[in-house]
Amino acid sequence: MKTKFTKKTVLKFFGILFAILLLSVLILFSVVIGRTFTFKVNRELGQWENTSTIYPYLSPEQREKLLDNFKVAVQIPTVSFSESDQNITALQEFDLLLRRVFPKVFSSSLVRHEVVGNYSHLFTVVGADAGLEPYMLLAHIDVVPANEAGGWDAPPFSAQEIDGFIYGRGTIDNKQSVMGILQALEYLLERGYTPRRTFYIGLGHDEEINGEEGAVKIVNLLKSRGVKLLYVLDEGLTIMDGVVDGLNEPAALIGVSEKGQTTVKLSVSTPPGHSSMPPRESSIGILASAVARLEKNRMPNLFGHGPERATFEHLAHKFGWSYRMIMSNLWLFSSLLSSVLEGQPDTNAFVRTTTAVTMFNSGVKINVMPAHAEAFVNFRIHSSQTVQGVLNRIESTVSDKRVKVEFINGFDPLPIGSYEDDTFGYQIIKKSVQDIFPQVTVTPGICVANTDSRHYTQLSPDIYRFAPSWYKPGDSARFHGVNERISIQNYEEIVLFYFQLMQNSDVRNLPTLRS
């Protein structure tokens with residue numbers, strides 16, 4: 001017996017279906033709107049134990065002195081050209097500078113100073129309570145080269161002051177941290193400070209060339225002594241202001257991990273010959289096609305598989321309404337946000353393993369077919385991938401037996417440090433930021449560059465990468481580029497940040513969440 005569908009039955013069916021769909025849309029809309037106005041993961045802790053007994057204040061004389069000290073540090077060209085080529089004279093001069101301008105640090109009975117690897121420095125600041133687990137602050141003395149003829153507004157090692165900014169190589173990478181940490185400790189010791197919790201300061205001299213003689217040797221020394229660290233703070237991310245569309249306030253991004261990296265060499269060898277009788281495909285052409293495939297077929301967008309999602313969720317309540325709705329509902333709008341992020345080079349680096357062809361070499365004469373062509377490609381690896389996984393994908397993308405793929409070096413992404421409400425290091429850094437920058441929202445982030453802290457993973461599970469330098473539109477070109485600079489006010493803020501961090505780290509326990 002056949003079922004007969006009347007017009008009335010069909011209309012009733014579609015009416016019910018439409019009602020169900022409408023109800024589903026209304027429920028979905030209600031959930032989205034509700035989360036938009038209530039979603040907030042950046043929660044506050046309750047009453048802190050007061051260990052900041054020395055007020056973060058700088059007298060006019062201290063402000064003048066710290067600026068003079070910083071300028072001299074920038075003027076010393078501690079350049080790392082390569083692993084076999086460093087300015088040793090400058091590193092020796094920098095050692096003498098530290099001893100001269102920080103007399104309390106070098107003479108205090110609370111501070112033990114050691115030179116490691118000839119030019120790096122390890123300071124142990126002994127706390128009164130040996131039962132409290134120590135922490136460590138990192139920075140690096142060396143800088144990348146700077147070409148004085150490259151368009152600088154002031155010579156790169158002049159530390160010249162222009163419109164309230166100090167110009168020079170190392171002002172934001174990373175002498176502001178080197179001098180800021182020691183200047184803060186100097187002022188605390190001058191005011192009678194005795195730490196409760198032991199802490200270490202590690203200043204590497206070869207971070208820009210992988211840190212094998214500096215950071216690695218400091219780590220090995222601490223390991224030999226059985227040292228375990230509660231947390232580690234190194235350079236890395238910054239205070240971003242005006243560089244994220246829709247974000248109404250500045251945000252301090254604390255790097256809870258950093259990307260891995262690997263470099264591969266692609267090479268092609270073919271018989272040489274005269275250019276008057278060229279083969280159908282040259283070594284250059286074959287290699288160029290392989291490189292083009294790598295650039296065209298990018299690594300997958302992995303937004304949400306690393307800490308980058310938490311960055312936006314922690315900032316959601318600081319965006320304007322439309323952006324806030326998206327950030328508060330990434331369970332629904334994740335693909336939308338990820339597609340927007342991959343549209344710009346600076347944000348694309350947060351959502352995937354990046355592919356950068358950095359060197360291409362071939363040819364010896366214009367009328368000779370080259371027998372060999374080679375290219376080097378650098379990959380910065382997303383938190384959810386590995387070196388081996390990237391290598392496998394390179395092989396499948398190149399997919400040409402004539403192209404030899406050779407692994408040069410690399411390492412996996414770093415472990416993700418905790419940023420939970422009960423994580424000591426993250427919360428101490430967060431409080432210290434808010435003490436000095438009350439207008440700033442703190443959020444976890446991913447560091448796309450590499451730092452000395454990657455060598456410290458055996459000493460602590462919680463490693464953070466942050467220095468409170470302001471990062472504004474146009475500043476990305478200053479990192480390792482032309483017109484590197486820092487404002488005088490910002491350098492003073494950096495000194496006060498470390499001043500507070502050292503005192504805040506003396507709390508025995510974190511407070512509970514504010515109800």
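In case you wondered, yes, glycine gets a Cβ from its N, Cα and C as well.
Database features, via Swiss-Prot:
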SIGNAL    1-34  signal peptide
CARBOHYD  Asn50  N-linked glycosylation site
CARBOHYD  Asn87  N-linked glycosylation site
CARBOHYD  Asn118  N-linked glycosylation site
BINDING   His140, Asp173, Asp234  Zn(2+) 2 binding site
ACT_SITE  Asp142  active site
BINDING   Asp173, Glu208, His480  Zn(2+) 1 binding site
ACT_SITE  Glu207  active site, proton acceptor
Practice item. Measuring CA to CA, name the entry from the recorded positions Asn87, Asn118, Glu207 that ends up nearest Asp173 (Zn(2+) 2 binding site). Key: Glu207
Review point. In DSSP terms, helix, strand or coil for Asp234 (Zn(2+) 2 binding site)?
Key: strand
Review point. Once His140, Asp173, Asp234 are set aside, which residues in the chain still have Cβ within 8 Å of the Cβ centroid of the Zn(2+) 2 site?
Key: Leu138, Ala139, Asn174, Ser177, Gly204, Glu207, Glu235, Gly236, Thr451, Asp452, Ala467
Exercise for review: Would you count the other C-beta atoms found within 10 angstroms of the C-beta of Asp234 (Zn(2+) 2 binding site) for me?
Suggested key: 29
Exercise for review: Have a look at the recorded positions Asn50, Asn118, His140, Asp234 and say which one has the shortest Cα distance to Glu208 (Zn(2+) 1 binding site).
Suggested key: His140
Review point. If one looks at the chain holding His140 (Zn(2+) 2 binding site), which residues at least 6 apart in sequence have a CB under 8 angstroms from its CB?
Key: Asn174, Val178, Leu203, Gly204, His205, Asp206, Glu207, Glu208, Gly211, Gly214, Ala215, Glu235, Asp452
Review point. What subset of the recorded positions Asn50, Asn118, Asp234, His480 lies within 10 angstroms of Asp142 (active site) at the C-alpha level?
Key: none
Check your understanding: From the centroid of the CB atoms of Asp173, Glu208, His480, the recorded Zn(2+) 1 site, which same-chain residues not already listed sit within 8 A by their CB, in sequence order?
Key -> Val143, Val144, Asn174, Phe479
